[in-house]
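Peer 1: Got a structure for you, written out below as structure tokens; questions coming shortly.
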Amino acid sequence: MADHADATKKDGRIPSPLHSLASSTASLGRSPPPALKMASSPDPRSHRGSFAEQMRGTPSSPRASRQPSLTQSALQELLNNPPTKGGDAKFQSRDWSSVRLGELVDPSLVRFVEYDTSVEDATSILVQHGAPNVILLRDTKDTRYATGTFDYSDLNAYLLLVVGLAHPDEEDVASFDELAKKGREGKPIPLRDVKEVGNKKEPLITLPHTADLTKAIEVFGSGVHRVLVAEEGTTDVIGVLTQLQLVKFFWENRQSFPDVDQLYPRLIKDLAIGSKTVLAINGDKPLASALELMNNEGVSSLPVLDAQNNVIGNISHVDVRLLTKSTSLPLLRSSCIHFISVILSERGMNDGKDSFPVFHVNPYSTLAHTVAKLVATRSHRMWVVDSPSPSSSGPPTPALQPASLVPPSPITPLPATHIGPTPVNSTSPTHLAGTGAVAPAISASAISGASLSGRLSGVISLTDVLNLFAKASGLHPHDPDEARRARRRSSSSSMRRSMDSARSESVSAIAGRRGSVNEREKNVQGLGIARGRGNA
């Protein structure tokens, strides 16, 4: 669920997840033993009850009389200030600004492919290896200079293309139609072809491995959601540092960094961080609408709401990995609520996790509570929901401004017929034209979302957290809200839907339309960075 669940790692080669996209489509009871008949049985009326009979009246559970191990105040303190692992000893007694980027990245997590790699093979690598959930593109195998990326947003856009829900500009219609036809026929599509029809992406930001964290936190606090780390004096990439990694680093080593640690006990409402402009989707809407919405608006996750705008779940672009089999395509017609149940089922079977991830906080949540949830769920954002005052004896809860649910761009109805010619081979996937039954799901109107969470009132992203950390440390990151406003302004003149995939986290928490990255490029100028070509 979230920008949030890593793909399961497996040893050895496994079939590509997109390979199947090109293929067709009471427990037992125990009976009591028979009663023994004795020659001289006493009168049943004078029979003394057996031990078993006397125990038929189930005694009360010991838990009913057991004293709680934690008082209410102690439990609240635990929620407000969750414990951490204690941090890495090598960072103790160090100023975080002296930590080098090379100390935080793992070269073994860098995955390269070339532009002639098929989308199918790239997807297989992406799903198998998990974090940092991105594949770097290079021109040849003998270089480690990255010129592009492929991530789950690209995969989402590709699937929408194949099923006929991508709508390019007029000059790209022919290219999109040809790619969609190849995808439905099971023909390999190189990443180079996907790159040709895509928009310009968030610029690739490259920092030397000797750069300190002040440089990275300024970039992240301005809205960029990942940076590449290269060997000093070269373009050879040795690591990828993400917003989530940096937030996790500060959280686990909080005791070592007092200027950041003093922020954790404060309440969200007092810090005044986040945005009240949120893009969301109703739980009764089809999953295809949610995926198209994320693609059109350039966001990586959406809150799923009931009829009263209460948060009842979360859908992330990473969850699109569950749709890479042709047998999963009917899910596109199912409701978002049903897809959430599929996500939870997959977590239980593959990850062995029975917990229900919680992606919301309230204005009275501490920053520590919020960051702990972001790290635990590996999410890029937490939805803020209305909540009553934490103490009935305190002042009444102030009127909380509800979230501004921005109307999204029009969603294309699911196609009723095949787009393009009928696939030429017998293993071609069944298109969405089929009228196969969709698994029934409970309606959003029947769910009491208020008891699950609360009414959506805003969102807090990793960008907001890192921007706060940067300011508290005396740095001057650019205001991510300005990039959000610029994005909304540019969207009014552009409704283009395309393969724009490496989007900025500074705009992923709000509902602005996808626009130019020129404003974000200005934001990172002067920070001593190197840029690569960001198209992929």
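Glycine too: its Cβ is placed from the backbone N, Cα and C atoms.
So Swiss-Prot lists these for the protein:
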type	residues	note
COMPBIAS	1-13	compositional bias 'Basic and acidic residues'
COMPBIAS	57-71	compositional bias 'Polar residues'
DOMAIN	105-170	domain 'CBS 1'
DOMAIN	198-256	domain 'CBS 2'
DOMAIN	274-331	domain 'CBS 3'
DOMAIN	335-391	domain 'CBS 4'
REGION	1-71	region 'Disordered'
REGION	473-536	region 'Disordered'
Peer 1: Could you give me three numbers for the domain 'CBS 3' (274-331), the DSSP helix, strand and coil residue counts?
Peer 2: 24 helix, 18 strand, 16 coil
Peer 1: Could you give me the DSSP helix, strand and coil counts for the domain 'CBS 2' (198-256)?
Peer 2: 22 helix, 17 strand, 20 coil
Peer 1: Given the model, what does the mean pLDDT over the domain 'CBS 1' (105-170) come out as?
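Peer 2: PLDDT averaged over the stretch: 92.
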Peer 1: What is the number of residues in the domain 'CBS 1' (105-170) that are helix, strand and coil, as DSSP sees it?
Peer 2: 26 helix, 13 strand, 27 coil
